[in-house]
Amino acid sequence: MDHLNEATQGKEHSEMSNNVSDPKGPPAKIARLEQNGSPLGRGRLGSTGAKMQGVPLKHSGHLMKTNLRKGTMLPVFCVVEHYENAIEYDCKEEHAEFVLVRKDMLFNQLIEMALLSLGYSHSSAAQAKGLIQVGKWNPVPLSYVTDAPDATVADMLQDVYHVVTLKIQLHSCPKLEDLPPEQWSHTTVRNALKDLLKDMNQSSLAKECPLSQSMISSIVNSTYYANVSAAKCQEFGRWYKHFKKTKDMMVEMDSLSELSQQGANHVNFGQQPVPGNTAEQPPSPAQLSHGSQPSVRTPLPNLHPGLVSTPISPQLVNQQLVMAQLLNQQYAVNRLLAQQSLNQQYLNHPPPVSRSMNKPLEQQVSTNTEVSSEIYQWVRDELKRAGISQAVFARVAFNRTQGLLSEILRKEEDPKTASQSLLVNLRAMQNFLQLPEAERDRIYQDERERSLNAASAMGPAPLISTPPSRPPQVKTATIATERNGKPENNTMNINASIYDEIQQEMKRAKVSQALFAKVAATKSQGWLCELLRWKEDPSPENRTLWENLSMIRRFLSLPQPERDAIYEQESNAVHHHGDRPPHIIHVPAEQIQQQQQQQQQQQQQQQAPPPPQPQQQPQTGPRLPPRQPTVASPAESDEENRQKTRPRTKISVEALGILQSFIQDVGLYPDEEAIQTLSAQLDLPKYTIIKFFQNQRYYLKHHGKLKDNSGLEVDVAEYKEEELLKDLEESVQDKNTNTLFSVKLEEELSVEGNTDINTDLKD
């Protein structure tokens, strides 16, 4: 195998001798770097001129063998073919290089990661198409090799990497916004999201783009169960083009306002009388700073002393100034309206900082974008001054959770070396702290009032005072008993591999980060996202991290069926608690029993004629409950009545889009695993999703097409029974049996109640 590998590498390197001998690298790569303005240069892995110049082939083969023995990397021979456009397939330039890729990387990301390793931009990688060739066979697309979304590079290329050539067709399209919506794919959407997340966080991006926050997180982290549908990709492409165009217009408006202010200062300077012979005076530094060419600013002898070589009428200058002011006012009003509609003011457009006109424009821009290293101390001082909690500050400053803010303050990462997502959060906090103190206090007060109103709307009693109907008691009891076992912390195996186990567990169970963080560590989705991003080395000295990872390790040590049951119970609990009205959550059990007794009395009055003495009817109320435990206890009947009000049957427009994408990708007959995945992703009960698919199958069979919902919410409770194409499943039969049994039970109770009434009357 090693001999064949060296022979193949020698053959391929001999074919690349022309490119290797060129110290500047392939011309296609140089043109691409100059066109996209990539700062990567040729210092990256894919730089032929910098990396392979003067390096013997035997040494490079030895390096590849060393990496292979470690078992983490695989060499892949790539041939990049550069086309002028996507229609005319005239190959202009091509070059070939080896790329080292991770074995555990997904196979469908091979093209993208190979181009990024070679130094190409995200937009170029998103628009590329790849073919794989084994030996001298005809090259085929990667999708023809396997359609498994979880297939890795090691699964597909472990045994044939030495005879495999990856041919990448790169079309010249300068920007993603210039790409037609029909050509958008799952890869282009993921790269566009990565580019957008450099300037904003996921929550603020989800408020603007047609994708939800959970879907954005899944696509970026490559945990989405399937590729985004073509319709969703086209919708995102249209939105991305409009978003970029609007952003460019705002940048142009800002630059126009800067130029108008500079022009106003220049006109005021030019209207001042200049003593002496101005034709002999050199241009002043102020004039040179406003002009691009010094010769233009030199006044001519035959002109008025205060004018430039190309005079501008004051009328035109005034018109430009008025137009700039109107545009600035319109921009400010639009931004104010957007801030009021978002409930979170300072995420997308930070408040403008007053710029001093005596500073150069480059310095002004840099001071606005830089984050001070004192930001962490500023936040602590602000928390002490205002007397607010970390949760309130995290919500109003950068719209995240208290757990994420606590982790940021604990680590105190240097802003100069911080990641893009952390920089976005730090910049948002810094922009918020630059507001006046009175404005910040007003925002804190508004947030407190909003929280109090939300709490009062839920009822006077806390949620924990409700009857113990929350299903995930198995999880809490199990973890609570394990928490008491203190000696387990010393023997527990906690190392850096726990982060990979967390990702594998979420992928296996098809659960979201929010659900896993809640059941495993009682944390938020933002906390888990930051934990997986930093992947800090576990150490008992870091007590907070060690305790959180210990909780996760205890949860992962549970048997797999028990973990799946906890996921299911927690998902159902979220549905149930979200669907119960506030007046039902906090009503005491005694009052509910009295209401049930009154309802049963009314039913008895409707079924049987009232007795001649109505004043004795209330005495029958207390006699009914003693007979109920013989069939069903009051707590069980109370639970049944609550379960009837809990289920959610409405499907939002966003969930409809995901379901329609699933129909286009998979079909109208999802299996149990797919239904469970959709239920967890859309936060909907399973029977709601089942009814939706049954209704769609009915319309396809009887009308020849799927039902058009016209972008409106759908309530599956409004579906008629004849509009559901379904088989008699066991769950449906059990439900019908329970319904018939409950009807018979009510009839028996009513008969017994009437018998008691007649007996009392006779007595």
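Note that Cβ sites are derived from N, Cα and C of the backbone, with glycine treated the same way.
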DNA binding, same site as ARG400, THR401, GLN402, GLY403, LEU404, LEU405, SER406, GLU407, ILE408, LEU409, ARG410, ASN425 - Swiss-Prot member from GLN390, GLN434: GLN390
Of the residues LYS136, LYS232, LYS510, LYS691, the one that Swiss-Prot lists under N6-acetyllysine: LYS136
Correct range for region 'Nuclear matrix targeting sequence (NMTS)' (source Swiss-Prot, candidates 169-223, 224-278): 224-278
Feature SUMO cross-link, as given in Swiss-Prot - residue among LYS103, LYS129, LYS744: LYS744
Cβ-Cβ neighbours of SER185 (phosphoserine) (radius 10 Å): 18
